[in-house]
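The disulfide bond annotation in TrEMBL covers CYS88-CYS152, CYS101-CYS162, CYS132-CYS142, CYS237-CYS247. What TrEMBL records for 63-163, 168-266 is domain 'SRCR'. The domain 'Ig-like' annotation in TrEMBL covers 273-357, 373-469. The transmembrane segment annotation in TrEMBL covers 482-502.
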Amino acid sequence: MGGAVIMTQEVKSPQTNVNFTLNNMNSSHQTYYYCLQSTTYNNRKIISSSSNAINITISDLNIRLVNGDGRCSGRVEVYYHDKWGTVCDDDWDILDAQVVCNQLRCGSAVSAPKNAFFGQGSDPTWMDNVKCSGSERDLKQCPHNGFGREDCSHSEDAGVICSADPNIRLANVSGLCSGRVEVYKEGQWGTVCDDNWDINDAEVVCKQLGCVTAISAPGGAYFGQGSDPIWMDDVRCSGNESTLSNCSHHTKHDCNHNEDAGVVCSGFTLKAPTLSSRPSHYIFSPGESIQLICSVPQQIVTNATFTIYMGGAVIMTQEVKSPQTNVTFTLNNMNSSHQTNYYCLQSTTYNNRKIISSSSNAINITIFNLQPPNISFIDPNKVMFWTPQQSVVTRGQSFSITCSIQTQYPGGLFHLYFSGSNSTETKPSVNHSATFTFPVSEYKDQGSYSCSYEVNVSNRTFYSSKTVLMSVNIQASPVPTIGGVVGLLLLLVLLLTTGLIWRNKRSRQTAEIITQSE
């Protein structure tokens, strides 16, 4: 365990394996384990080389990475209620991945792949909408929906890729890609002994540092003697390991610094960065902000410059130093001019030559500028008076208000707002419109109306602004007025008739008086 003997067991032929059990493990058991066999032949003890190493991590949450390349990449799974389960990729980003990498002692997060990048799990999905700040000590400390509360399928299983073991460097170098091999452990840099050191070991170091391929694996303190502890001895790599710490090795040694191991690699390259974002969605409303995080798969071994491109044009640069592994660029108050693709790259100078990595993956940002809908007035009974933004309806008649919008996205909801009672009515959009009907108008329907529209795009809900106000006036029925006019006319006719009769009668009386006088 960590290079110390903890158990032995004797076996006899034809037995081919032995089981060792570790019970009631705690944090002291968090290290690597390997085994070997020995026997006595002709009074001489013969010892095999070491087996492959197994790294055990002790975590309160019980977290593991599955189906990846080594213990530091894979599908994220957590142990809860006596069962392993996955993590949904809703809101999953590089900061969440960083917490997992820290928890597993796997260096820095390189990327936070989604969509079951490492295959789909078959167990429960325990966590969803994880939102880490990156500083939490384990994943359970990050805000999330609660264990088992999710709306995901296993096609959304989250993963991580960590830098595995960034704690390696080349000292006393004649360039970035040759020198004495040193590893960082227990807060201190130390050397590697050259016992069994060969080209396969050097190949792993060269790949880990981005230095193409190994040319030679010099021993005997070829690059000078170190003065720090000797952390590794009898390293035996196959050449396919992603980091030197994954190779079989001893932590106890019988060396001195005149046996310090070195490497000479063929050259220096920069690996393509990975671009991620926080928040993780790529559709935004005007005025919102986004953080673009450019990450590299190994620590920066020298000063480097990160550059972010917007639509192929440079918009920001930032210089970093080792051991930084990512840079964050922030876009604030975005508008339609920010709607394009983004990518990043890293560059450095090596032997007076500028070296530029290939581009990262691209992120396409869409600015969703939802225009206000249209509002119109419809009177099927044709009893109305129309002026701009104002309609007149006779009390008791029906009328309708239609909200409509021109958009490429289907569905959505229309909201009709009424100032008379501060009420809101909602209807689904059908062919980009919705009609609100008032079958019998009353005075309570008099007031100002406006519409707004909402639609869900890529799991985000967007809202338009309200339309201009349209006033609806309810007028009294004209029937009583007509009756009054008719009554008045009848009264006038009656009075006129009475007057004529009285006049005719008076005329006859006058004529009779004149006749009698004669």
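Quick reminder: no glycine exception, Cβ is built from N, Cα and C everywhere.
These figures come from a predicted structure and were not determined experimentally.
Between the disulfide-bonded residues CYS88, CYS132, CYS152, CYS162, CYS237, the minimum number of other C-beta atoms within 10 Å of a residue's C-beta occurs at CYS152. When secondary structure is read from DSSP and collapsed to three states, CYS88 (disulfide bond) falls in the strand class.
When each of 63-163, 168-266, 373-469 is checked for Cβ pairs under 8 Å to the domain 'Ig-like' (273-357), 63-163 comes out on top.
When the Cα of CYS132 (disulfide bond) is compared against those of the disulfide-bonded residues CYS101, CYS152, CYS162, CYS247, the shortest separation belongs to CYS101. For CYS88 (disulfide bond), the nearest neighbour among the listed disulfide-bonded residues (CYS101, CYS142, CYS162, CYS237, CYS247), judged by C-alpha distance, is CYS142. All chains included, 19 other C-beta atoms sit within 10 angstroms of the C-beta of CYS142 (disulfide bond). Taken together, the residues of the domain 'SRCR' (168-266) have an average pLDDT of 88. Each of the disulfide-bonded residues CYS101, CYS247 was scored by other CB atoms within 10 A of its CB, and the lowest score goes to CYS247. Looking at CYS142 (disulfide bond) and CYS162 (disulfide bond), their Cα atoms lie 19 Å from each other.
Secondary structure by DSSP for the domain 'Ig-like' (373-469): 3 helix, 54 strand, 40 coil. Taking H, G and I as helix, E and B as strand and the rest as coil, DSSP gives the domain 'SRCR' (63-163) the counts 16 helix, 29 strand, 56 coil. Taking the Cα of CYS101 (disulfide bond) as the reference point, the closest of the disulfide-bonded residues CYS152, CYS237, CYS247 is CYS247.
With respect to their backbone Cα atoms, CYS152 (disulfide bond) and CYS237 (disulfide bond) stand 41 Å from each other.
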